[in-house]
Amino acid sequence: MNTVKEVAHPSALYGWVGDLRTKMQAAIRKRQKKNADHSSKDPSPPGSKHKGPSLKMPPFHLDLWFYLTAQNWVLDFGRPIVMIALPLEWFPLNKPSAGDYFHMAYNVITPFLLLKLIERSQKALPRSAVYLCIITFVMGASIHLVGDSINHRLLLSGYQLHLSVRENPIIRDLKPATLIDSFELLYFYDEQLGHLMWYIPFFFVLFLYFTGCFTQVKEDRKLPLPGWLLLGPSSLYYWYLVTEGQIFELFVLTFLAMVATLIYQHRKGLVPDTNGYFLFFSFSVTLCLVTIWVAWLWSDPVLRKKYPGLLYVPEPWSYYTLHIKDSE
């Protein structure tokens, strides 16, 4: 009997191990099938961005559009107004003015809001392009900060914005004459290089965001009431940006690229979401405002002399120093 038990015992043990292994393999196959079913329902890993058009209509980004519009008006448009309104004694000419501090805040807040806007895109946008644009934006806006700060002090000393550098009375009599070249270099950094490095990445980031605003959902894509209320202030600021920044060509190219993207995506059966419509409508109204502005000042002889050529878009502050400042 003992011999029989000793022989049977290993066989029973092997059978028990075999049953356990079979059950474990069945459990593993069941779990793998469950994971496969879950992956087929949601192919994107948690926290990842959709690489294609969204199947769900995203909400209107009221907070970001409001913050972006408000800080544009206060920190950018309001910057020269604050410098003119506050007493000169509070900010000596050899120290930063209130407008300079506004500009510093703008150079920090605006790229932050642009990055937050890109984060909410329904499409995975090229990060390297976005980062490069933001870096260039900050550098260009900082160059403009220095040039515009000195330019404002010249304005308080009698500099006239509607005249060129060499035609200004306080500049043309400088000795030695090479100082005039230095002021022309300052003007180049302020009004040309600074503006290009500031506005090209700004509009490119907005265009990149617009390309990610398309969806297959065609219901409830109209702008909500807050979007219509923000449309006027947003468009009016872009009008100021285009005219004062002398970037009409850049703006038109961006708008045409948006129109081309809209047509291309429409052929694929995609439509803009509410945020895409808000951005496109803002640019459309801006184009109308710029057209009205140019038509109104089309025959102004002084501004025509400063802004020669076919693309005649006078600056609002040049209009101010020419027609409003002396009459106050």
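Heads up, the Cβ atoms here are built off N, Cα and C, so glycines get one too.
As recorded in TrEMBL, the features of this protein are as follows:
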REGION    28-54  region 'Disordered'
TRANSMEM  130-147  transmembrane segment
TRANSMEM  193-211  transmembrane segment
TRANSMEM  223-241  transmembrane segment
TRANSMEM  247-264  transmembrane segment
TRANSMEM  276-298  transmembrane segment
Recorded stretches the transmembrane segment (223-241) and the transmembrane segment (276-298) touching, at least 3 CB pairs under 8 Å: yes
Close approaches to the transmembrane segment (193-211) from elsewhere in its chain (Cβ under 8 angstroms; 6 or more beyond its ends): 110, 114, 117-118, 121, 123, 125-126, 129-130, 132-134, 136-137, 139-141, 143-144, 147-148, 241, 245-247, 250-251, 254, 257-258, 261, 272, 275-276, 279-280
